[in-house]
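Some features that TrEMBL has for this protein:
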- A:24-142: domain 'Amidase' (DOMAIN)
- A:Lys73: active site, charge relay system (ACT_SITE)
- A:144-163: region 'Disordered' (REGION)
- A:163-484: domain 'Amidase' (DOMAIN)
- A:Ser168: active site, charge relay system (ACT_SITE)
- A:Ser192: active site, acyl-ester intermediate (ACT_SITE)
Amino acid sequence: MQVTMVSVALKQGQVTPTELCQRCLSLIKKTKFLNAYITVSEEVALKQAEEAEKRYKKGHSLGDLDGIPIAVKDNFSTSGIETTCASNMLKGYVPPYNATVVQKLLDQGALLMGKTNLDEFAMGSGSTDGIFGPVKNPWSYSKQYREKRKQNSHSENEDSNWLITGGSSGGSAAAVSAFTCFAALGSDTGGSTRNPAAHCGVVGLKPSYGLVSRHGLIPLVNSMDVPGILTRCVDDAATVLGILAGHDPKDSTTIQDPVKPFTLPSLTDVSKLCIGIPKEYLTPELSSEVHSLWSKAANLFESEGAKVIEVSLPHTSYSIVCYHVLCTSEVASNMARFDGLEYGHRCDSSVSTEAMYAATRREGFNDVVRGRILSGNFFLLKENYENYFVKAQKVRRLIANDFVNVFNSGVDVLLTPTTLSEAVPYTEFIKEDNRTRSAQDDIFTQAVNMAGLPAVSVPMALSTQGLPIGLQFIGRAFCDQQLLTVAKWFEKQVQFPVIQLQELMDDCSSVFENEKLASVSLK
Amino acid sequence: MAAPMLRWCCPGRRFAFARVGCGSCHRRGPPTGSTSNGKRGQSTVAQQPHITAQKPRKGEREWAAVVGLEIHAQIASNSKLFSGSQVHFAAPPNSLVSFFDASLPGTLPVLNRRCVEAAVMTGLALDCHINRKSLFDRKHYFYADLPAGYQITQQRLPIAVNGSLAYSVSVGRKPSQMVTRTVRVKQIQLEQDSGKSLHDDLRSQTLIDLNRAEGQLRVDANISVHRPGEPLGVRTEVKNLNSARFLARAIDYEIQRQINELENGGEILNETRSFDYKLGCTVPMRDKEGKQDYRFMPEPNLPPLLLYDSGSLPPGADPQQVIDIDRLRERLPELPRVTRERLVRQYGMLPEHSCALLNEVGLLEFFQSVIKETRAEPKKVTSWVLNTFLGFLKQQNLAVSESPVTPSALAELLDLLDRKAISSSAAKQVFEELWRNEGKTPAQIVAEKKLELLQDLEALEQLCRSTLEAHPHVVMDLKRGNPRAINKLIGLVRKATLGRADPTAIKEVLERQLSS
């Protein structure tokens, strides 16, 4: 059920914000084993719900999000609520301010249910590499997946074969997928919102760089980071984007032009659309199932009258290595502030300031983070800067120009896979290290961040295993609205099935007396 | 150390600074030990033979020194370069620290418009090319008072480049021998200051103050010596010089040290040194504070800084969002060089006097106020302001703004002098009274102390006559042909008039009486 519809239900008094809040809190408890949340801000949420309730009673709600439960990835600063980045370095760190996006949601009356799990400092593509442990994909426990598994293999132990969510915003994706909130904030640097969205069967939007403020988002790569939006439908993503978008005086990279909240039109005619299919995205690693769904989607557009053409983004193959240089360099720089002095973890040693720095950073960061810091500092050394960093910047420009050329040739939106395949079991995933995994999994998503373009992953269908597969739409810079309009049309055509978690939820439904409202949250 | 003490050090970084890199060449005479005549700028060997007190030994050639300065100057702004927190001198430690200043994760820099304007105006004043597009970079190093682990600066493409500053220095023994020199300005860049470390040796603690707003000027000097015609020598960098006096002393010392080292067959290391102002010498700094790889990287959170002029201003641009170089140029005050030239032209002032008036903050304004209110000759005013007034200030270590004597009071005093109502010596006395600041006007003081010149010629004749009668042996002396005896008589008469008579008038009367 769409946020705007819940908003109507709230206005009509069919349900109260407190009931909605308690319902989600109860689901959070019920699905605790998913490890989607690092911190559940129960008291805060209930208090916010109480205030929202007062507003609804008086008849003046703050907007569509008033009283709506949301979750926030644990790399956004939240005033008074611990913000860890799933790292020992920030364990216990309580920011004194809210990230701009968090503040905007709170100003709209949204209820903050908690902070969601991620890979340490958002470095990863599985949500498996944080100090609070991996996030489990709710689809592992879905009726759809379980039934297929029973057909396919009978011997394997079900519990040990749970699936990863993808990452790094896996906690947010799982939280939305498991109905514990209506929308969640993720972050997207190389695909961290779209990848878990695809694996968890939800919508994952990466807005244009500069459209949404990064102030308060603990950075991974400043020049590529964008706050991401995870929702259960495209309309909800548009609703949240309408609230978050716009200039922020605290972030000099945000656009100056004012942005107004918007509602997506329902497209009935796609005949004027030109959909580009980048040929370089047809890689050997692409699973046949994703490949065939991608073709099916292209055919769908074509059959409905859209122009579908093959296009070329010739520098795509350099994207991974280019990203590696730029990402690790900025990481090395951004992580320099974690020295144990002002905030966060500090080691016990006090031999010298230098020894304290070294021990603090060794204890505070995991191997992935330390590895990236090390590589990044190598690339930034005076003797390497020209050969690595400057070259990577040039390649980045070429990659960005690829997109410009394609869009200049008349393409409105690009259609690509989001991931190589459906979600894999954790045991399978950890056979490769984080770096290899990140390089593989970001292949379709990363170039978009280099170019600062908007992109959205929309769930299309279930695989033969009963797992969600998402496709990605990429739009022109700052044409987020057009992008979402196309995504909405597609969403309507494919009718992606709702996750069936009945077994998991059964004894929760008693919280609701009104059966209709039980479906409000469950559907 | 016997007593517990707090030692503070500035390890080489300042907040909200325009960084001015200058290059200038100083050539030195031979290292024969006589180069220390105390004044910098006199060291240009070719034109200044007087510093070569001893002739070069046979086969020995002169040395040339090359000096480049990196000047860190704090911008007078209300808030910091990249955050909205205030800038106040001597505020309590860490009382003016925003979340950004403390480098809390997720905070971003926001460029302060006023600082950009100040940098552009500095660039214009120094005749620089103003870059229409400039970039910000991160300079990385770990230090306790650098909370982000990097400093935001403008390394690659700074806001202004290729400027020059012409200045006059006196050469030779007479101060009036002024020559004009030019120093080239390589670049001006906006740079974030670091915090301040306070080392508590007793408790082996380092305390950090992130206010980052003190110390208006700091200079690092890069110095090398070479034989003219040969490649430049290896340079050393003397860091953290915070006064012009120490800067001059440090450069002089370092040039001499390098020459001595090379003459004795030693070599110069490319190292960072500090100036021990008590011992008057430079000493090597610990290695880690010296050379290191700063791993420069573009600052991704600040878009390129774009500046416009009236020709390139985008139509309909919000004046709050853009900076127009031409409008800043209009706001530039008269530059010191122009002021000095004007003073010389307008008041017939000596060039060195025009320099002196501009070297003291507020002195020119004081001078101009006096000029406006008095009928006295500009030369007289100049002399009083530069000798008497400035002398009193210097003696008591006061700024012009702290002076107990107002321009109006001095103007009135000079008027009295101008119409010969008082003698110059009486004027000095009046000035001393004014300096005591008891709220009296010069006229009141003159009246009270009976300092007005004796205008009654009859009375003066009388006094002269009685003086001659009372000192017959001096008169005899005079008549025997000692010309100095007349001065003694004048002195005696002046004493009798309590200094109120003009010595020329006395002399006239005496001579008339003696010859009659």
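Sequential numbering from 1, following the chain as shown.
Heads up, the Cβ atoms here are built off N, Cα and C, so glycines get one too.
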Fill in the blank from the handout: Per DSSP (three-state), A:Lys73 (active site, charge relay system) is strand
Handout entry: A:Ser168 (active site, charge relay system) and the residue listed as 'active site, acyl-ester intermediate', Cα-Cα, nearest whole angstrom
Key = 5
Practice task
Across all the protein chains here, work out how many other Cβ atoms are within 10 Å of the Cβ of A:Ser168 (active site, charge relay system).
Solution key: 38
Completion exercise
Listed in sequence order, the residues of the same chain lying six or more positions from A:Lys73 (active site, charge relay system) whose CB sits under 8 Å from its CB are A:Lys115, A:Thr116, A:Leu118, A:Ala122, A:Ser169, A:Gly171, A:Ser172, A:Ala184, A:Leu185, A:Gly186, A:Ser187
Handout entry: Mean of the pLDDT scores, which run from 0 to 100, over the domain 'Amidase' (A:163-484)
Key = 95
